[in-house]
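*Asks:* Got a structure for you, questions after.
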C-alpha cells in the first residue's frame, strides 16, 4: 500500500468553500476505510519544515520522498511504514499572521524586518506544536536557519520529539545536548570552511580582506565573522572592511542599494573579497554591480563560502559570466558509488515530475544529499527499535547511527554530526571552450582541502582515498593545485589582492619638509611639486627599492612641514599613504602605522668637544706602573750581574765600593742609550749584556712610538659623562622636533630647562664654541654625518642608546610594507645601501680620528724580560762554578782544609781581591820551593795574559799596566817545584 505525502501549506478560499467541504467528506470517508484495514501496520509520522518555494527546499523535498519510498518498499519489516508531512517554513510573515487577527495586527504595526523574523519563528513554533499534536509526529526534520532550529528544539524538549536540523550554527555550542536534548544537528558548522578560506588567503599572501555578507532576518550572525577574523589573524591577515547588506526581502530597489554600498569599497585598498552569506538574488545584484565599477578586474580576488557557492548551480548564465574568476568552496562527496548513481536517477525523475519548470541542472546538490541521509538515519533507527518506538529510544538509536551516506560519513557525538569533512575548491569560469568536470559547465574543480592536510589533489575513489591517505599527507601542498582563472582573466600569477596605485590615483607619500640634516632629505623648493625636486639619502633608498618591485608603482611626493609625530598621525588618519624620510622606528609609532625593514641603524649618541690631556707626568704614560717596576728591577739585576762578572778581571770595575757601584750603575744606565764607554773583558759578560741590549732596543723603540702617539693624538676628557652633566646642571642640545627631547627628559632624566633645541645642523658648532651647550645628543645616523664633518673638534661617547633604526612608513596592513621590506633586505645583502651611505653620509671629508692610545703593559713584554733575566742568571751560575773550582785549587796549593766559615770568607776575599789566577800546569808534584818576595805593580809581570789554554780568565786590555798603581804592593806567593 502506498502513502501520499501531505502538504499543509495551501489555504482554501471562500469561493471554493463548498467544494472544499465536499472534498473533505470524501477524504474523511476514504481515510476512515483505509484506517480500518491498516490497524495492524506501524506508521511513523515525520514532520518536515523547509522552504518549499526555494530551489534548495524543492531538492530537499524530492530527496526525502525518495528516501521514504525506498524504506517503505525495501524495509525488512513490511508492516513498518514512514509517512512524511511537509510544512512550509513560512518566509512571508503574512502567512504566519493568517493564524489569528492578533498577529496580523502586530505585523502591520511593526514593519521592521527583525520583528518579522521573530514573528516567523513564533509562527513556526506554533505550527510545529500543532503538527505534533494533530499528526502524532515522532520526528521533525528540516529548518534552514539555526535560530529556527533552536525554537523547534524547544518544542522537541516539551513534547519529547526528536528534531533533526539540516543546518548548524557557525560555532557549535559546547554540550549542546544539555539545553536541547532532543535537537540533533545533521550539518557541519562553519569552522572547516572558514579555516579553508584562511589557508587560501595565507597561500596567496593577502594581508587584508573585505568581508561581505547579507544580514538575515534575525540580525547579524557574528559567529562566522568571529571565526574568520580569528583564522585570518592566525595566518597574518586581517579584515580591513565589513560590507553588510540588508536582507534582500526588505529592499524595494536592491540594485540601487547594492551599488551604493559597493561604491564604499573604492576607497578601501584591499581587493580581496570574501562573501560569507548571501541569497541568490543578492548575489546576482552584487556581482553585476561590482563588475560595472571595476571590482572584478586584475589584481582582485573573490572567495565564497559553501552556502553561496551552492547557489551557482541555479544562477542565470549572465550572472555566471560576471562572476568569472571567483573561487568557491563546496563539500566533497563521491559521485562514483553505485548508491549515488541510483539516487541520481531517482532524483532527476522525481524532481522533474514535481517541478517541470525547473529545467536548469537536475543534479542533486549537497543539501539534497543531507536531506536524504537524514531520513536514512531515521529509517535505520526504526529498523533497530522494532516495535518499541518510544521517543527516548528512537532518539538514542538515531544518535547511534553510523553509515556511509551520500554526503559522507554519518555519525553523531553530543547531538552533532561528526565527519572527516573534505572541501573542494572550485573556480568559476566561462562555459564555452572549457573542459569542465561539472556537467553544467559553471565551474572547474581545482583542488581539495582537508583539516590538518592543507591542499592536495584528492579526486579519487573512496577506496583509493583510504589506501593513499598516508601518501596524501606527504603530498599536501601550501598552495592550490591546478590552473586558476582569476578575475580579469589573470592566469599567469596570483593577484596581489590590493589596489595598486595608478596615474589617476597615485600613492600619496609624505616627505619631511624641514629636516635638520639635509643629507637625508633635500627638497628643491622650486620643484617641490614634482618628484624630481626631492633628493637625499632616504629618497635614493626609496628609488632603489622601487627597482626591485615586480610592478610599476605610481606615487607623488608631498612635502610636510610639521613634526615627525604629526607626520605619523597623517598616515594613521589616511591623509598620506606612506612616508619616505628619516623616520625612526619606535614602539609608540608602530601602534599606529607599519614600518619597513630598517635601512639604517639608529640610536642616541652624545657628542662633546675634544680636549687635550695636559699632565706633568705625561712621559710616564707610555708604560704602565708594572712595566716601570719590572724595567727598574731588570736594570738593577743586570747591573749586579755585570759587576760580578767584570770585577775580578776588569780594572775599570775595581776600587772602592762606592766607585764600583757607580761604575756598574753608570754602565748599565748608559747602555739604555748605547752610550757606555767601559770595555768588557769577559765573554760571559758580553753574552749577558748582549741580551740586555736587545731588551733596551725593544723598550726604547716602543716607548718612543707610544709617547709620540700620546703627544700627537687629542683625547677625550674622561670627566664629561651623562651623570656629570646632570650633576653640574650643564646645558645639552638636541633637535627639538624629534622624540629625542622626550627621551632626555623621561628616560635620561635631564632637567627640561637644561635641554636646548638646536634648530639647524651648523648651529651645533656655534653653540659649542659659545659655551651655550656642553654636549649634544644626536641619533646615530646624524652623529655619523656630524662627526665626519667635524672630527677634529668633536668626538662621541662610548655609550649609545639603541633604537629600531630608520624605515619607511605605511598604513597598517598595507601590502607595500612587505614588498619594500624585501627590497631593502635585497639592497642590504647586495651592499648597495652601505655604498650609498658612504657616498651620501660619510664621504672622506675628515681623516683624523679621536682615539686614546693604549698604554704598554707587562703582558706584551714579559717574554723579553724573562729572556734577559734567564740569560744573566745562567752567566752568573757559570761564573760561580769557575770561581769555586779555582778557589779549591788555590786551597790545595796552599795546603790543608779549613772550616766552612773560613772557606766562605776566603772565597769572598779571593773573589774581591781578584786572586784566582792560577795555572796548575806549572806545578810540579815532586819538588817544592817557596820564596816570598815583595814586588810592586811596576815590577810584577802581567799575570792576566793568557799563556795557556787552561787559564780561566783573559784580560784583553793592557791599559792597567801603562798607569802607575798607587795601591800597596801585593804579596805574591810563588811556589817552585
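Any Cβ shown, glycine's included, is placed from N, Cα and C.
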*Asks:* Among 554-576, 577-599, 600-622, 623-645, where does TrEMBL put the label transmembrane segment?
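*Replies:* Here TrEMBL associates transmembrane segment with the stretch 623-645.
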*Asks:* With the ranges 687-705, 706-724, 725-743, 744-762 to choose from, which does TrEMBL describe as transmembrane segment?
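*Replies:* Per TrEMBL, the stretch marked transmembrane segment is 687-705.
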*Asks:* Choose the correct range: of 842-861, 862-881, 882-901, which one does TrEMBL annotate as transmembrane segment? Give that range.
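*Replies:* Transmembrane segment, as annotated by TrEMBL, spans 862-881.
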*Asks:* Looking at the domain 'Ionotropic glutamate receptor C-terminal' (508-843) alone, can you tell me the average pLDDT?
*Replies:* 84
